[in-house]
Amino acid sequence: MALIEGVGDEVTVLFAVLACLLVLALAWVSTHTTESTDPQPQPPGTTTPAQPSEAMSASDSIREEAPGAESPSLRHRGPSAQPEPDTGVTASTPPDSPQEPLLLRLKFLNDSEQVARAWPQDTIGSLKRTQFPGQEQQVRLIYQGQLLGDDTQTLGSLHLPPNCVLHCHVSTRVGPPHPPCPPGSEPGPSGLEIGSLLLPLLLLLLLLLWYCQIQYRPFFPLTATLGLAGFTLLLSLLAFAMYRP
């Protein structure tokens, strides 16, 4: 007995396989679509300097004096004050006292310790690069229960005492850093989310196959039943991995 009246089983199976391939192709294409981003706004032009609000009005009020006249202020003007000679003694500021290096004890999760020597002006990022070259993004420093996440913060601003303990946590994996979103720009609208519909479609197809296997058991040999069971197990693991918190 054919699955569909008037249509051979080979044609039905062929169309089912083509439908599955089409769904997989659409899901693969949807994962490679790039999100369009809005262009960054151009920086506003520089404002022109403001023109002076008041003109020099004092020059208009000066009166011209006669050529032979002599100002009374010139008669009574005394000799100009002579500048005092420079004694040559300048107050010299005492030089800054040299800062002492900090001895830090880096303690790991396995209770092993490593002594690091740094300066107060060194930053958290430079300390990571010095002690853990190539693993800066995987190292987390913790001091008194507080995560030191700002790599630009200096050690002197933390007021670390001598021979203090910094707990180090080195993660095994780290994702690529996400660039910060520029101001004034918003993420563009996402494309067609076909990838999120793939799992429900596969579940619907799986339920249809199990229904056909139960209703038309003679058309499903042992190998087809085992393949259907394996596909069900694989799809269950995929769903668990996707929706696991």
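Heads up, the Cβ atoms here are built off N, Cα and C, so glycines get one too.
Swiss-Prot has this to say about the protein:
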DOMAIN    102-175  domain 'Ubiquitin-like'
MOD_RES   S73  phosphoserine
MOD_RES   S97  phosphoserine
MOD_RES   S126  phosphoserine
REGION    2-30  region 'Required to release iHOPS from membranes'
REGION    33-100  region 'Disordered'
TRANSMEM  11-31  transmembrane segment
TRANSMEM  194-214  transmembrane segment
TRANSMEM  219-239  transmembrane segment
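Confidence annotation: the domain 'Ubiquitin-like' (102-175) carries a mean pLDDT of 82 in the model.
Within 10 Å of the C-beta of S126 (phosphoserine) we count 17 further C-beta atoms, all protein chains included.
With a threshold of 8 Å between CB atoms, the same-chain residues lying at least 6 positions outside the transmembrane segment (194-214) that come near it are 3, 20, 23-24, 26-27, 29-31, 220, 224-225, 228, 231-232, 235, 238-239, 242. Sorting each residue of the domain 'Ubiquitin-like' (102-175) by its DSSP state yields 14 helix, 28 strand, 32 coil.
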